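Data first, discussion second: the structure below is written as structure tokens.
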Amino acid sequence: MTQPPLTLYLAAPRGFCAGVDRAIKIVEMALQKWGAPVYVRHEIVHNKFVVDALRDQGAVFVEELDECPGDRPVIFSAHGVPKAVPAEAARREMVYVDATCPLVSKVHIEAERHHENGLQIVMIGHAGHPETIGTMGQLPAGEVLLVETEADVATLEVRDPDRLAFVTQTTLSVDDTKGIVATLQDRFPAIIGPHKEDICYATTNRQAAVKAMAGRIDAMLVVGAPNSSNSRRLVEVAANNGCSYAQLVQRATDIDWRALEGISAIGITAGASAPEVLVNEVIDALRARYDVTVEEVETAQENVEFKVPRVLREPA
Ligand code: 2E4
Ligand code: SF4
């Protein structure tokens, strides 16, 4: 039986970013240095496949520091942690390693600098997301106000409209954030902030690649986890830019084949926390049903690398 033809547009860049790469390496190095178990506070990155692989090597994943024994090392996830977390680890004289992405740490530092200058901060982010909790937790309660939407800006109650700054989560939708920043600037003309926002290079590039292909595909599959903010944004970007069906899949078994009936062009990408093996698994599943021609849609080249500490040290 001949298989129906399918053009598969493969987004580039896709998948692991420099911050994810570094965070995973930190856990692997910690396991090498200290042996199992090494504790990790929160999923090191939001991907079950990554977490399961590290668990198999002896990592123990917990949500809070008080679930960790005092005599084993603990690693903080790539999303960052409130200041109180390393402070408590130090108080308990624990060995800890911070795997927060340097681009998230940069936002923490930005927020602190604004605070030192006497400004109240507005954070654009998603409530309850660990990165938002971590960034807001750099400063005392009430010093960082959260907005999620343009509508939130209208009801915001600030201390002094002339002494405000804004920061953002690194994984937001570039387009939605533009609107929220414009609304903030409209209501608070004196607000200061980064040149555009704090969305990182990897988020920006992955969204741009999806935008470039969205108009020519019948369906988009984004490899990533349901709790992965950046992956979920890729699904939205596809849907908002002319792709009539976009689905988040953790792996090939999640594909809804019924929904794909009759398609002739599909787009594939992967969130910053999704390993390439899972992308290949999805492509192989498509190859089993279609006569697939792969075309890469490359909108940027990435060469960002973050140094992994050569030796993991116990904090003094
Ligand atoms: C830290 C910051 O933030 P998100 O939910 O997208 O995290 P995920 O683990 O899926 O991706 C890696 C990451 C980590 C992104 N930004
Ligand atoms: Fe860092 Fe961006 Fe990757 Fe998040 S998506 S870990 S901010 S490089």
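In case you wondered, yes, glycine gets a Cβ from its N, Cα and C as well.
TrEMBL annotations: computationally assigned, not manually curated.
Per TrEMBL, the features are:
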BINDING   Cys17, Cys101, Cys200  [4Fe-4S] cluster binding site
BINDING   His46, His79, His129, Ser228, Ser229, Asn230, Ser273  dimethylallyl diphosphate binding site
BINDING   His46, His79, His129, Ser228, Ser229, Asn230, Ser273  isopentenyl diphosphate binding site
BINDING   His46, His79, His129, Thr170, Ser228, Ser229, Asn230, Ser273  (2E)-4-hydroxy-3-methylbut-2-enyl diphosphate binding site
ACT_SITE  Glu131  active site, proton donor
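What TrEMBL annotates, mapped onto the structure for a quick look.
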residue: Cys17; record: [4Fe-4S] cluster binding site; Cβ contacts under 8 Å, 6 or more apart: Cys101, Cys200, Tyr201, Ala202, Ala272, Glu302, Val304
residue: His46; record: dimethylallyl diphosphate binding site; Cβ contacts under 8 Å, 6 or more apart: Gly224, Ala225, Asn227, Ser228, Ser229, Ser231, Gly271, Ser273
residue: His129; record: dimethylallyl diphosphate binding site; Cβ contacts under 8 Å, 6 or more apart: His79, Gln169, Ser229
residue: Glu131; record: active site, proton donor; Cβ contacts under 8 Å, 6 or more apart: His79, Gly80, Val104, Gly125, Gln169, Thr170, Thr171, Ser229
residue: Asn230; record: dimethylallyl diphosphate binding site; Cβ contacts under 8 Å, 6 or more apart: Thr171, Ala202, Thr203, Arg206, Gly224, Gly271, Ala272, Ser273
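Of all residue pairs in the (2E)-4-hydroxy-3-methylbut-2-enyl diphosphate-binding list (His46, His79, His129, Thr170, Ser228, Ser229, Asn230, Ser273), the one with the greatest Cα separation is 15 Å apart.
Checked against ligand 2, the binding-site residues Cys17, His46, Cys101, Thr170 give Cys17, Cys101, Thr170 as the ones with a Cβ under 6 Å from it, listed in sequence order.
Note: the dimethylallyl diphosphate site is recorded as His46, His79, His129, Ser228, Ser229, Asn230, Ser273; in the same chain, Val45, Pro130, Glu131, Thr171, Ala225, Asn227, Ser231, Gly271, Ala272 also have Cβ atoms within 8 Å of that site's Cβ centroid. Ranking the binding-site residues Thr170, Ser228, Ser229 by C-beta neighbours within 10 Å puts Thr170 at the top. Take the CB of Ser273 (dimethylallyl diphosphate binding site) and look out to 10 A: across all protein chains shown you find 31 other CB atoms.
Highlighted in sequence order, Ala18, Gly19, Val20, Ala78, Leu103, Val104, Thr170, Tyr201, Ala202, Thr203, Ala272 have their Cβ within 8 Å of the centre of the Cβ atoms of Cys17, Cys101, Cys200, the residues recorded for [4Fe-4S] cluster, and are not part of that set.
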